[in-house]
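This report refers to the structure that appears directly beneath it.
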């Protein structure tokens, strides 16, 4: 017995509205369950990063005693982290809300690639700033009586760091394309389906070299610095060294420890992204979408956590932060006299 194929179903308007309402409610529940926590995590991270990096920038800019070569490089890194907060994290919030939905028409691909390119500028600048700090610490410990090349050519170095970051980020746009699903357009980097063209291979090499090469350089320089400070007496030290020299060595050790912690934090936050993107691109592993979102959030979390490392491990930064917070929450004199 054959079933009739010409049956049509009609729904009353009330029934149709009820079904649509239930569908919308289920969609909201699914979104809340999968991405609601991520959305809240990004909002908290943005607020934390804005406070920490703005406070760090203000302290270094307004306190003359804080304007050392290392601190000015920390200021540059804080600017890169603030860039991440204002442009990258907000873009991630938008992607979480709209699932990377994009606009169509003329210029949509160019705008998509430009937006993705911008997200790579801050981490590239940040990692090479950390490398410059490692070089500066090396010269400060190994040649304490000489000015380091970092301080001699500071402005040129900062310009070179940002130019390199912008240039490297420009090479990443070849991996970005528009995806059309139904009548909707999405701006995405699909690492799993990347074709190994010359441009894409160059982009992957840039992505990995801006992580691996600086990490190797920092490991070498900080290794030498640690050997100089802990394994034997620093150059020029005498047996009857005075208290001022002892205090200088103690300060150098504390600063070096703090910067090593910052580097370790950078590796912990960015290594999962680099590792899984590399495996994903080589088709060795495919991350679930929520896991991929977490890996991306973790890489952005570095910008929010980083300034608080300085506040926790540096006495001067911590003291200036207390003063700044005290001024923000103190009552004006005009009000205290009332």
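Just so it is clear, glycine is given a Cβ too, placed from its N, Cα and C backbone atoms.
Keep in mind that this is a model prediction, so the values were computed, not measured.
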Looking at 39-61, 177-199, which one does TrEMBL call transmembrane segment?
39-61
Stretch-averaged pLDDT - the domain 'G-protein coupled receptors family 1 profile' (52-310):
82
